[in-house]
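Worksheet: one structure, shown below.
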Amino acid sequence: MANGGGGGGGSSGGGGGGGGGSGLRMSSNIHANNLSLDASSSSSSSSSSSSSSSSSSSSSVHEPKMDALIIPVTMEVPCDSRGQRMWWAFLASSMVTFFGGLFIILLWRTLKYLWTVCCHCGGKTKEAQKINNGSSQADGTLKPVDEKEEVVAAEVGWMTSVKDWAGVMISAQTLTGRVLVVLVFALSIGALVIYFIDSSNPIESCQNFYKDFTLQIDMAFNVFFLLYFGLRFIAANDKLWFWLEVNSVVDFFTVPPVFVSVYLNRSWLGLRFLRALRLIQFSEILQFLNILKTSNSIKLVNLLSIFISTWLTAAGFIHLVENSGDPWENFQNNQALTYWECVYLLMVTMSTVGYGDVYAKTTLGRLFMVFFILGGLAMFASYVPEIIELIGNRKKYGGSYSAVSGRKHIVVCGHITLESVSNFLKDFLHKDRDDVNVEIVFLHNISPNLELEALFKRHFTQVEFYQGSVLNPHDLARVKIESADACLILANKYCADPDAEDASNIMRVISIKNYHPKIRIITQMLQYHNKAHLLNIPSWNWKEGDDAICLAELKLGFIAQSCLAQGLSTMLANLFSMRSFIKIEEDTWQKYYLEGVSNEMYTEYLSSAFVGLSFPTVCELCFVKLKLLMIAIEYKSANRESRSRKRILINPGNHLKIQEGTLGFFIASDAKEVKRAFFYCKACHDDVTDPKRIKKCGCRRLEDEQPPTLSPKKKQRNGGMRNSPNTSPKLMRHDPLLIPGNDQIDNMDSNVKKYDSTGMFHWCAPKEIEKVILTRSEAAMTVLSGHVVVCIFGDVSSALIGLRNLVMPLRASNFHYHELKHIVFVGSIEYLKREWETLHNFPKVSILPGTPLSRADLRAVNINLCDMCVILSANQNNIDDTSLQDKECILASLNIKSMQFDDSIGVLQANSQGFTPPGMDRSSPDNSPVHGMLRQPSITTGVNIPIITELAKPGKLPLVSVNQEKNSGTHILMITELVNDTNVQFLDQDDDDDPDTELYLTQPFACGTAFAVSVLDSLMSATYFNDNILTLIRTLVTGGATPELEALIAEENALRGGYSTPQTLANRDRCRVAQLALLDGPFADLGDGGCYGDLFCKALKTYNMLCFGIYRLRDAHLSTPSQCTKRYVITNPPYEFELVPTDLIFCLMQFDHNAGQSRASLSHSSHSSQSSSKKSSSVHSIPSTANRPNRPKSRESRDKQNRKEMVYR
């Protein structure tokens, strides 16, 4: 052949070794060496001269001159007589298939369009003829046309059926379609792998189809691709668009060359690299298999598949043109590059590094690189950083929680911020909780910021964070919610829309309960009325530990209790918050306050040594010997038909005998101290004086070894499982305390509804709001005294506070009717109308429309004579600047403190609010202050306006002028609600609090004049470790709200009146908080230098009163007299703590049945007849004893200065 001869001549001319007869073979071998680095791999297809060819090839590699002379157009072994390259045949098969099909489609569309146009014109002609012929000939002439239309319809139906069948076959909506799609993708990857294997061979080589295994596999794959292509073509609605799709183009340039290779017995690597474009569908395949479910994972796989497929495809094109050469250069400028070297070349090109060790030599290769570098650089710069970011984030907060054997975990979700998490962890992981073997898993859909991330790292041994949502079951499975000990949901206390926040948390509860109904959930709620929605969840069960901590209910309940005993809100808030003991050597008020702050509330089962003893006896023994303060026990009724078998009784009195397994509620500094009540043994510890030596003794070890005989108690969550006695508490109580005595039953009027249906609250018939509204002139003519003034900021668009939660504790049924403090609301009438629906069933409530910033309104309601002024705002969360959220409350507080009052107010009894402890002498009328409700003639209208005041009959106690002690607004008892803790610094201008001081360390909070909702955050962890703590707090704070009452309010949104029955009246028999003054009365001798322990024992033994704290003047420790009237709270002082005469003692007082038997009378008379109007009262002042020794003069001066201090509040 001509080309062969040319090659031979060149070979001999160059002086190459070998005879002239081997010139053709040498030329062929040199060309084969130019096409591939491994020429010997192709020599296996030659006949008997393979060994000589191999040796000739190896010798010719070292002849550099031959490369310039040889024209590499023949193959290693000629497949035909001429030895021509046939790459054009492979390429032509693909081009003919593509353009031929495209031409047919376009031709078909053109003919179809012309046919449509012609039929449209013909249809108009036939329609005109049909109209002209008339309807009489329609049946005969149209019959053949109908037959044709039926045939056409049948044909269309058959084609549609085939098309639908093909669509179902390739659709991923059916199992067959999914299997087919996955199979096509897998075979495409297999064909790509075969291409990788064949890329080590020359671009074009002779292959025997019957002997080449890879060619046979590739042929089978492509036959399947051809069938799948046919299905896709049939199912396609737009054939032209289908023909131009990427997957179709891939099939055009990969399937036909395989059939050509079988016909020609040769293989051309060609465009088989286009199979790499199938990798773009990788994310779709994984979605079909339900492997990819999240948006981030889908996006990551999409980016990776597009990047890799583009990279591999471009590398295949460079490999083809560089190993083949330029056709117009007769393929002389080729270079031998492996496929993976081309992959490397494309990567350094996309990254703009370009080392230069590998580069394109052909013109086609360089031209391709010019265009590829533009798109490749853009793709590299955008895809790679995004891929790295997705991979980094996924590794950081993705994945699943791995449970540790023997260690519980809880899931915390909801409002996850730096403030909420830090407050939660500070309380949950406090050292006073003993060993907390619980891991905390936070789940939130937003990744934490740097500060929050640093907080998680500081607690990495016990805290993990996962990004996700509790509304997604997949994320719940990731955090192992089914094996979690509990799930805690935090709320955003500062949100602008509390109802929307509650709705979000309720949806979280629904999602979690739907995934795992048995999980224990503790959630925060902002609005009280939204708690009713939790009752609609079938798996919500408060008896199994599910709890909803309503911040509005508890916040207003704490404030209401401060109206009865100022400072109680601070004391209770400190009790369920974990605080470390801070020791101060200086004799300042902070020293005594911080000693009380370190106390918390714990529960522990009582030792068997206490069995058979009364509650006061056990309480005294614990206080004196064990240095523990027990305030309540858990009572479990033996009556199985009772609606609530298990109750918590606070200071139940001496009628109760304790049995085995009684759970006690203690106030102590840490959990280890409380264990003394469980380990105490009379035989071993009776003579022990140091309470630290009371530990587990031999007697208790013998008891523990005995097999249990009763069912085990519920676990105690003080850091793990507790070994406790196995008996249920059985409390024996005399019937007269469970059901009122005969005298009280006789006095009941069964036809009058005084209490609600549960008997827990005072009730009256619903009143219209117009009947309780006072104008400013009417209020100015009304002398109000001993009342509660509620200053409320709000308007028609403000979120509701829920004032019912403030009024309910003040209307608890354990007060007698005449003991109820009148409540006067001062605020916007538009706002109060929205709240009135929940308030219209409570007695003694009035409204003065106005603003708390108006001094005229404040003077009209006699704010200087009130027992407490409460300042609330419903507009706090509508301001973006947190420092301005409390501006209204702060301005109102400062406005009241700056007011001055004159001496024109009448004379009132100094101790008009005094209580006499039950059991004292009430027979003398001189010891019973008279409470009169008088009407004074109005100057303007002449009608009788009620004067709500408390008058005392002149007796042994001196008369003082009230205005002498409250001539300044600074002496008005006040409590202000704050949203932002740091704003507490603005309430007292004379304090020295640092702006960075924690809230509980500030003077306004310690004095009980400020309250912030943030202190309630500690209830989440306290409730988790002991669910009884929340029940006790709610019992103390809400005045007796129960889950049954909440269900009733959820049904009717109001209290329902009920008749007085022995069962409902029995609910009145419960303790209430009061304040005992040491200025006068039976404890006055202990007030001057006496010990707190002696007072504790005397009050408990004599009057069944349980003392638990002191409300002391701030400067009482100073030797010099002070004009400051501020007080601070001392929680659970020790036995030897010294008392001062001005102290007020916090105590739990028993309900007195007989105190309210004599009815209060209303006298409608003039102001001059005040002294003759009387009504008996349970509010007794403690009489001065005649034989009490005279006090020193300094004491007398203090008596006169503090005569306003009441025996009880």
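Yeah, the Cβs are placed from backbone N, Cα and C, and that goes for glycine too.
Here the structure is a predicted model, which means the values were calculated and not measured.
What Swiss-Prot lists as region 'Disordered' is 1-61 (among others).
As annotated by Swiss-Prot, compositional bias 'Polar residues' applies to 25-39.
Proximity of distant same-chain residues to the transmembrane segment (87-107), defined by a Cβ-Cβ separation under 8 Å and at least 6 residues beyond the stretch ends, is recorded for 203-204, 239-240, 243, 249, 252-253, 256-257, 259-261, 264, 268, 270-271, 324. If you look up Swiss-Prot, you'll see 87-107 (among others) marked as transmembrane segment, on the strength of sequence analysis.
Here Swiss-Prot flags 179-199 (among others) as transmembrane segment.
Positions annotated as transmembrane segment by Swiss-Prot, on the basis of sequence analysis: 215-235 (among others). Same-chain residues lying 6+ beyond the ends of the transmembrane segment (215-235) with a Cβ under 8 Å from its Cβ atoms: 162-163, 166-167, 169-170, 180, 183-184, 187-188, 190-191, 194, 207, 209, 242, 247-248, 251, 254-255, 258-259, 261-262, 267.
The transmembrane segment annotation in Swiss-Prot covers 240-260 (among others). Under 8 Å from some Cβ of the transmembrane segment (240-260) lie the Cβ atoms of residues 89-91, 93-94, 97-98, 101-102, 105-106, 109, 191, 215, 218-219, 222, 225-226, 229, 232-233, 268, 270-272, 274-275, 277-278, 280, all in the same chain and six or more residues away from its ends.
Summarising the annotation, Swiss-Prot assigns transmembrane segment to 265-285 (among others) and lists sequence analysis as the type of evidence.
Among the features that Swiss-Prot reports, transmembrane segment is placed at 301-321 (among others). Cβ atoms under 8 Å from those of the transmembrane segment (301-321) belong to residues 192, 195, 199, 203, 269-274, 276-283, 286, 292, 337-339, 342-343, 345-347, 350, 360, 362, 364-365, 368-369, 372, 376, 379, 383-384, 386-387, 390 of the same chain, restricted to positions at least 6 beyond its ends.
Residues annotated as transmembrane segment in Swiss-Prot, with sequence analysis given as evidence: 368-388 (among others).
Residues or ranges marked as region 'Segment S7' in Swiss-Prot: 556-576. Packing against the region 'Segment S7' (556-576) from elsewhere in the chain are residues 596-597, 599-601, 667, 788, 801-803, 805-810, 821, 867-868, 870, 872, 973, 975, 977, 1000, 1005-1008, 1011, 1015-1016, 1018-1019, 1022, 1029, 1033-1034, 1036-1039, 1072-1075, 1108-1109, 1111, 1127-1129, 1131, 1146, 1209: each is 6 or more residues past its ends and has a CB under 8 Å from a CB in it.
Positions annotated as region 'Segment S8' by Swiss-Prot: 613-633. Sequence-distant contacts of the region 'Segment S8' (613-633) (same chain, at least 6 residues past either end, Cβ-Cβ under 8 Å): 606, 648-658, 662-668, 673-674, 676-677, 680, 685, 688, 691, 694, 729, 731, 1032, 1093, 1096-1097, 1100-1101, 1104, 1106, 1108, 1132, 1134-1135, 1148.
The region 'Heme-binding motif' annotation in Swiss-Prot covers 681-685.
Taken from Swiss-Prot, the feature region 'Disordered' applies to 703-733 (among others).
The feature phosphothreonine is assigned by Swiss-Prot to Thr709 (among others).
Positions annotated as region 'Segment S9' by Swiss-Prot: 783-803.
For Thr916 (among others), the entry in Swiss-Prot reads phosphothreonine, with the evidence type a large-scale study or a structure entry.
Taken through DSSP, the region 'Segment S7' (556-576) splits into 17 helix, 0 strand, 4 coil. Mean pLDDT, taken over the region 'Segment S10' (1005-1025), works out to 90 on the 0 to 100 scale. Broken down by DSSP into helix, strand and coil, the region 'Heme-binding motif' (681-685) contains 4 helix, 0 strand, 1 coil.
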